[in-house]
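Asks: Sending over a structure as structure tokens; questions will come in a sec.
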Amino acid sequence: MRFDVITLFPEMFGVVRDLGVTGRAHAQGRWSLHAWNPRDFTQDVHRTVDDRPYGGGPGMVMMAAPLEAAVNAAQEARAAQGLARAPVALLAPVGKRYDQADAESLAASEGIILICGRYEGVDQRFIERCVTHEISLGDFVLSGGEIAALAVIDAAVRLVPGVLNDGDSALQDSFNDTLSGLLDSPHYTRPEVYQGEPVPAPLLSGHHANIARWRRERSLALTAARRPELIESARAKGWLNKIDERYLAELAGTYDPASEPPKRRRRPSAKPAADALASTPPSPVPPKTPDAS
Ligand SMILES: C[S@@+](CC[C@H](N)C(=O)[O-])C[C@H]1O[C@@H](n2cnc3c(N)ncnc32)[C@H](O)[C@@H]1O
């Protein structure tokens, strides 16, 4: 997977290229990063990349020509590597909010060209000519697109097969399909008691089913409290089972035991199983003899 980033601050990308999980994967050649500075695509002696906005107002606007030339150079370099034309995404507060599903599809692709805006933004004509997607990190305004691009890259690269050491760890993260798209449950490590607070007992039990149930319930409770729309989405996809629904109803105080289908009563068998007999402790009370009188 290859990322091409158009940025006035290429040095900011050392964070994902050189450090941590993504840095290790980059060193292993699992993904590559190519930064293009629009200043290298200017024609004037001052290497100008911005100018005042038409119509007046504060700040500066990034000029279309250096950005378009940088995108073309990135596409050509990708083609020389045998890659198809890449999507071109501008990081922008007005874009679609980036989410885990986007990170998954990016991780499964050949990569993307990311444009990092600065100042008041970029000339709209560049967006209309060259940009295929606009990506937002959230409802807030950053000074530039670089931090948003770093987040986009990090979230996708960690999903590339082989990047995480424990292949399953991404599957247990929040928003993942294997977690029914819910929020992750809380985590604990040593010591067993910290500042008087013990680790929840089920996690120490060694009983895998109980641990899984405890985690599922914590996930459901956290998601119901903080992101109820994720519960609705999991429900609509048929990802919540009867036990989940019962737990959610108990949480909401709407659980009605009468709504449960009656339990089928087992007929007493004439011959108790041999193992059941073996595990039955001898009764301390002698059986009553029928009263003769
Ligand atoms: C100061 S911002 C410009 C904000 C723009 N005038 C607006 O109000 O939408 C400069 C650049 O930071 C990036 N940026 C800011 N907030 C962002 C966000 N929430 N998501 C993605 N990129 C963002 C964009 O590339 C933007 O062009």
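All positions are counted from 1 along the displayed chain.
Glycine residues also receive a Cβ, built from the backbone N, Cα and C atoms like all the rest.
The feature domain 'tRNA methyltransferase TRMD/TRM10-type' is assigned by TrEMBL to 1-232. Under the heading S-adenosyl-L-methionine binding site, TrEMBL lists GLY117, LEU137, GLY138, ASP139, PHE140, VAL141, LEU142. The region 'Disordered' annotation in TrEMBL covers 252-293. For 281-293, the entry in TrEMBL reads compositional bias 'Pro residues'.
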Asks: Given a separation of at least six residues and a C-beta threshold under 8 Å, show me what packs close to LEU137 (S-adenosyl-L-methionine binding site) in the same chain.
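Replies: In sequence order, the residues whose Cβ lies under 8 Å from that of LEU137 (S-adenosyl-L-methionine binding site) (at least 6 apart) are LEU91, ARG97, TYR98, ILE147, ALA148, ALA151, VAL152.
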Asks: Mean pLDDT for the domain 'tRNA methyltransferase TRMD/TRM10-type' (1-232), rounded to an integer?
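Replies: Per the prediction, mean pLDDT sits at 97 for the domain 'tRNA methyltransferase TRMD/TRM10-type' (1-232).
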Asks: Give the sequence-ordered list of residues that share a chain with GLY138 (S-adenosyl-L-methionine binding site), lie 6 or more positions from it, and have CB atoms under 8 Å from its CB.
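Replies: In sequence order, ARG97 meet the Cβ cut-off.
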Asks: Would you count the other CB atoms within 10 A of the CB of VAL141 (S-adenosyl-L-methionine binding site), including those on all shown protein chains?
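Replies: Taking every protein chain into account, the count is 6.
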Asks: Given a 10 Å Cβ-Cβ cut-off, pick out the one of the binding-site residues GLY117, ASP139 that has the most other Cβ atoms nearby.
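Replies: For the binding-site residues GLY117, ASP139, the Cβ with the most other Cβ atoms within 10 Å is GLY117.
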Asks: Taking the residues the record says bind S-adenosyl-L-methionine (GLY117, LEU137, GLY138, ASP139, PHE140, VAL141, LEU142), how far apart in Å are the two Cα atoms that sit farthest from each other?
Replies: 16
